[in-house]
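Heads up, the thing below is written out as structure tokens.
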Amino acid sequence: MLKFIIPTIMLMPLTWLSKNNLIWINSTAHSLLISFSSLLLLNQLNDNSLNYSLIFFSDPLSTPLLMLTMWLLPLMLMASQSHLIKEPPVRKKLYITMLIMLQALLIMTFTATELILFYIMFEATLIPTLIIITRWGNQTERLNAGLYFLFYTLIGSLPLLVALVYLQNTTGSLNFLLLQHWAKPLSASWSNIFMWLACMMAFLVKMPLYGLHLWLPKAHVEAPIAGSMVLAAVLLKLGGYGMLRITSMLNPLTEHMAYPFLMLSLWGMIMTSSICLRQTDLKSLIAYSSVSHMALVIAAILIQTPWSYMGATALMIAHGLTSSMLFCLANSNYERIHSRTMILARGLQVLLPLMATWWLLASLTNLALPPTINLVGELLVVMSVFSWSNPTILLMGANIVITALYTLYMLIMTQRGKHTHHINNIIPSFTREHALMALHIIPLLLLSLNPKIILGPLY
């Protein structure tokens, strides 16, 4: 595992010692090399996890998430270049250092064997993200957004620490690989119910569950482009990863406790999709759509069948690449028009025809068109939820229809229509942006050729 962590950490001195005109080239090129080295993780045995040492391991659940994390750093660096063009070199280097630090912490989160190490890294990812949002965000509301983000996640995850200390005292170990075999079946007593809530709440806030999701649109809208990308693509997946890991220790209580949360996520899925239809702000629309996609993942994880687990992991990876691409597209619009309001950015197909192609592809993957892995994930989730309870097909069907509606709305509002007076002279799209979109969409399409690598440990 050190072959990923040490090169990532060594990107920091590389950035600080680069000449001013080579900052972006050096950091992007070397982070791309690191992300290609992550392909080595795919070479795994079918029946077991790879234990690198006592503290790091990877199995078919954490491997795709790890690869997504490493793949995202060069993309974030590519996306941030024009955002930081007016900043002095020291601040550029500081920004890049924050992103690198975030990636190192995420790698350690996804590979930790020890639950306390997982918790510490899970909390530590908060710090660079918060600095990125509150320092480089666009409006002054970014401080408010940072406050929401900080307190929602901290209040959610404090009970988790208490629960972990309790687990350590009762079982004597917090190793994932041991606890799966040692954990005593939890009965439905009051203390166990609170224990279950304490374990799950941190991840439900991070996912976010409908009702605990208010920090997410705020943080997304105010964050700079790299902040939005890493928040949508990886930080939401931390919640899903933690839930998948910790539910195996909370049985059979989960079957008893999951009902309110299942209902909340299924209802919240419809609600957030409907909220998307009334959005004026482009980034806010994409943020709410990712809440509705993550609600599917919560429902799938709480049902706890092999199919739903496979659907949840597939949907997490697919959503990571898709929503990250949508945020990049929204940002490329924002850099030209300096407004996120959709009414002011109409008719861009005439002005930026190739960008319209990327918009179309991103929208189609967002509404889960057949060849993509989004469809694989959604089908598995819908089938497993249907076999858990038949009437849920109404909610699922409604959600799929509304998803198609708001995606179409987003596409038509940005690409079609009569363009407004103030965008007659905008900059053409750069090769860098096209490369960025291609690097998002190519992995999505390639994964649809062989989806079994992202179907998780139960495949």
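Positions of Cβ are set from backbone N, Cα and C atoms, glycine also.
Annotation comment: Swiss-Prot describes 22-42, 92-112, 113-133, 147-167, 193-213, 224-244, 257-277, 284-303, 307-329, 350-370, 393-413, 435-455 (among others) as transmembrane segment.
With a cut-off of 8 Å on Cβ pairs spaced 6 or more residues apart, the transmembrane segment (284-303) and the transmembrane segment (92-112) reach fewer than 3 such pairs and are scored as not touching. Long-range contacts of the transmembrane segment (435-455) within its own chain (CB-CB distance under 8 A, at least 6 residues past either end) are made by residues 42, 60, 63-64, 71, 74-75, 78-79, 310, 313-314, 317-318, 321-322, 324-325, 328-329, 358, 361-362, 365, 371-374, 376. Count of Cβ pairs under 8 Å against the transmembrane segment (224-244): among 92-112, 113-133, 193-213, 307-329, the largest is for 307-329. If you look at the transmembrane segment (92-112), the same-chain residues 6 or more away from its ends with a CB under 8 A from one of its CBs are 1, 4-5, 8-9, 11-12, 15-16, 18, 23-24, 27, 31, 52, 55-58, 62, 65-66, 69-70, 72-73, 76-77, 80, 84, 118, 121-122, 124-125, 128-129, 131-132, 136, 176, 226, 230, 234, 238, 241. Ranked by the number of CB pairs under 8 Å to the transmembrane segment (193-213), the listed stretches 113-133, 257-277, 307-329, 350-370, 393-413 are led by 257-277. Same-chain residues lying 6 or more positions outside the transmembrane segment (350-370) and placing a CB less than 8 Å from one of its CB atoms are 289, 318, 321-323, 325-326, 329, 332, 377-378, 400, 403-404, 407-408, 410-411, 414-415, 419, 423, 426, 428-429, 433-434, 437, 440-441, 444. Long-range Cβ contacts of the transmembrane segment (147-167) within its own chain (Cβ-Cβ under 8 Å, at least 6 residues beyond either end) map to 115-116, 119, 122-123, 126, 129-130, 133, 174, 179, 195, 197-199, 201-202, 204-206, 208, 212, 214-215, 218-219, 249.
Using a Cβ-Cβ cut-off under 8 Å and counting only residues 6 or more beyond its ends in the same chain, the transmembrane segment (307-329) has close neighbours at 61, 64-65, 68, 72, 75, 79, 220, 225, 228-229, 232-234, 236-237, 240-241, 244, 283, 286, 289-290, 293-294, 296-297, 299-301, 355, 358-359, 362, 365-366, 372-374, 376-385, 387-388, 433, 436-437, 440-441, 443-444, 447, 451, 454-459. Long-range Cβ contacts of the transmembrane segment (113-133) within its own chain (Cβ-Cβ under 8 Å, at least 6 residues beyond either end) map to 51, 54-57, 95, 98-99, 101-102, 105-106, 142, 145-146, 149-150, 153-154, 157, 160-161, 164, 167-168, 174-177, 179, 202, 219, 222-224, 226-227, 230-231, 235, 238, 242, 245.
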